[in-house]
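Features reported for this protein in TrEMBL:
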TRANSMEM  A:31-53  transmembrane segment
TRANSMEM  A:60-85  transmembrane segment
TRANSMEM  A:105-127  transmembrane segment
TRANSMEM  A:173-193  transmembrane segment
TRANSMEM  A:224-247  transmembrane segment
TRANSMEM  A:259-286  transmembrane segment
TRANSMEM  A:298-317  transmembrane segment
Amino acid sequence: MTAPAKAPGARRPRHGTPLGRAVGRLLDDKWTGAAGLAVALLAPFVIATPYALSVMTSAAIFVMLASGLNIVVGFCGLLDLGYVAFYAVGAYTSGVLATRLDLPLWATVPAVVAVTALAGVVIGAPTLRLRSDYLAIVTLGFGEIIRITANNLEITGGPSGIYGIPGLTGSPVVFYYITVAVVALAVVGASRLGRSRLGRAWRFVREDEDAAEAMGVHTYRVKLAAYVAGAVWGGLAGVLFAAQVSAISPGSFTFLSSALVLMAVVLGGMGSSPGVVIGAVVVSLLPEVLRDFADHRFLLFGVLLIVVMLLRPQGLWPHRSREAGP
Amino acid sequence: MAQLIWNGLFVGSFYALVALGYSMVYGIMKLLNFAHGDLYMLGAFTGFAVLGAVGGVSPGMALPVLLGVMVVTMAVTGLSGVVLERVAYRPLRGAPRLSLLITAVGASFALEYGMRTAAGADPQVYPVRLGGTALEVLGARITVQQVALIVVAVALMIGLNLLVTRTREGRAMRAIALDPRTSALMGINVNAVISRTFFLGSALAGAAGVMAGAYYGKIDFLMGFMIGLKAFTAAVIGGIGNIPGTMLGGLLLGLLESFGTYWLGGEWRDVFAFGVLILFLTVRPTGLLGERVTERV
């Protein structure tokens with residue numbers, strides 16, 4: 001492709017080297033998602049030890065968490081540092097209903113959606129009017145409130161949590177496929193939401209809230225929508241988690257987990273669906289691969305967060321806008 | 001009752017000391033320094049290391065030695081704060097706020113788990129404990145050491161307030177808080193002033209860390225996380241960016257927690273504190289003494 005003659009000051013949009021452009025075109029193709037799904041579907045045929053299956057199932061659930069947080073942080077630019085709270089709300093709601101009322105786990109899903117959406121509104125409604133940094137710390141506090149509450153209430157089983165949650169199926173392989181199907185739907189759903197009219201409003205709010213408001217975007221409502229959507233995604237991931245481990249306790253829902261999900265989103269590229277999926281897979285599999293470094297991995301994560309922000313603030317696989325070139 | 005008030009004031013003065021760093025950095029850079037609580041942790045560990053190097057301390061000499069250690073620690077944490085700003089925050093000035101916030105979270109993690117790597121995951125026990133004789137004042141048990149710690153905390157806060165309101169340096173800080181670009185045009189070296197602000201805030205957090213170590217006796221690498229949240233809450237209650245407001249907020253949060261614990265039980269203490277934070281942000285986001293900023297909805 002020859003560059004058209006332009007005025008000296010005009011710059012062509014930068015997309016890196018020709019090779020990079022070619023790779024980028026390949027990756028941007030809609031077949032990337034299908035390829036990723038195929039890898040996930042074929043993985044059990046390659047290794048199907050119980051350990052590998054459980055690691056892969058956890059990774060899939062983590063992908064779902066990351067794509068939910070991506071709606072909030074990546075699309076809308078609201079930093080949520082207590083995202084795991086919604087995961088906890090989902091897992092606990094489902095666990096409590098399933099064990100107390102003897103419901104099958106899938107029957108608790110409507111209740112989980114309702115409760116997590118409500119939690120999203122409860123925390124979002126008063127705080128989304130505030131500046132982003134206040135929101136960050138309030139969500140952090142909210143995460144702690146949920147964890148401490150779960151630790152102290154009787155219905156949530158206190159520090160020992162809830163056990164004996166019925167699984168969705170008896171077979172880990174079937175459960176893995178169910179998880180992959182749900183997660184794939186969730187990722188596609190998040191990605192389509194991101195490209196919808198609402199998604200464009202989210203990006204607009206992220207880029208310039210004042211301008212968005214001046215152009216007639218109801219920023220408060222739009223932000224709340226992002227928040228509630230993220231909450232529901234997190235809650236559904238919580239149901240999967242409860243089904244996978246069958247015992248949940250407050251120890252699973254610490255600030256550390258919130259930070260890891262954030263790490264996945266930032267590393268992959270905020271606002272980029274394929275990037276976030278890759279980021280989540282990397283963040284969840286890395287500790288398994290680097291077992292020897294287990295003690296230092298959070299130090300590594302912290303340093304990595306800083307380095308990514310300094311060197312590649314858009315993440316490893318940034319979002320490429322389809323809308324308009326410069 | 002008197003005991004509750006006294007406990008509240010005592011804990012509150014710690015909160016206030018840590019909150020000041022939050023407030024100063026926020027006032028001047030509009031950045032929430034998430035790693036601030038971890039500088040408090042760093043202070044506690046530095047004090048621990050220095051005390052270990054000094055060797056055995058006789059109980060009678062505990063307080064003077066502790067004050068000496070505190071000065072050394074303040075220098076160390078202050079410099080750490082400056083380095084942190086230089087490495088992690090300054091390159092991102094002008095970048096989107098979200099990037100800065102995420103960097104700050106990363107810095108917090110790096111400090112916490114770096115300390116874990118350096119000092120181990122187990123809690124350490126401070127070699128110097130401030131226990132000692134208790135006085136009865138209006139029905140409250142007060143130890144001489146508690147009084148000493150409060151006096152030190154108040155002296156540091158008054159010193160800081162004088163520095164900010166009376167000196168040239170303080171005027172530069174206030175100018176940058178109002179408008180960094182114009183301040184630069186007026187010949188203020190913005191970077192240098194921000195560095196010094198980080199030094200002061202981090203040094204105060206370090207001092208609080210040493211005091212907490214000596215008072216509670218046990219330190220661990222995650223101790224900064226909760227106090228960071230509490231200090232931020234205190235800063236918001238009083239009015240973040242406002243120094244007298246932050247001190248007031250710290251004391252108030254200490255009192256609220258003290259009474260909240262009494263009414264609801266200790267296990268709900270942190271929930272209570274964050275509930276107060278959310279309530280405050282909803283009702284009066286600029287805090288008790290903060291000036292009203294018109295916030296667009």
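Including glycine, each Cβ sits where the backbone N, Cα and C put it.
All annotation found in TrEMBL is predicted automatically rather than curated by experts.
It is A:224-247 that, among the stretches A:31-53, A:60-85, A:173-193, A:224-247, A:259-286, forms the most Cβ pairs under 8 Å with the transmembrane segment (A:105-127). Taking Cβ pairs closer than 8 Å, the transmembrane segment (A:259-286) reaches residues 27, 32-33, 36, 55, 58-59, 62-63, 65-67, 69-70, 73-75, 79-81, 83-84, 187, 190-191, 194, 203, 206, 297, 301, 304-305, 308-309, 314-320 in its own chain, all 6 or more past its ends.
Beyond the transmembrane segment (A:224-247), the same-chain residues lying 6 or more positions past its ends with a Cβ under 8 Å from any Cβ of the stretch are 54, 57-58, 60-61, 64-65, 67-69, 71-72, 75-76, 78, 80, 83-95, 98, 105, 108-109, 112-113, 115-117, 119-121, 123-125, 128, 161-168, 175, 179, 182-183, 186, 190, 193, 198, 202. Sequence-distant contacts of the transmembrane segment (A:173-193) (same chain, at least 6 residues past either end, Cβ-Cβ under 8 Å): 33, 37, 40-41, 44, 48, 53, 56-57, 60-61, 63-64, 67-68, 70-71, 75, 167, 199, 229, 233, 236-237, 240, 243-244, 273, 277.
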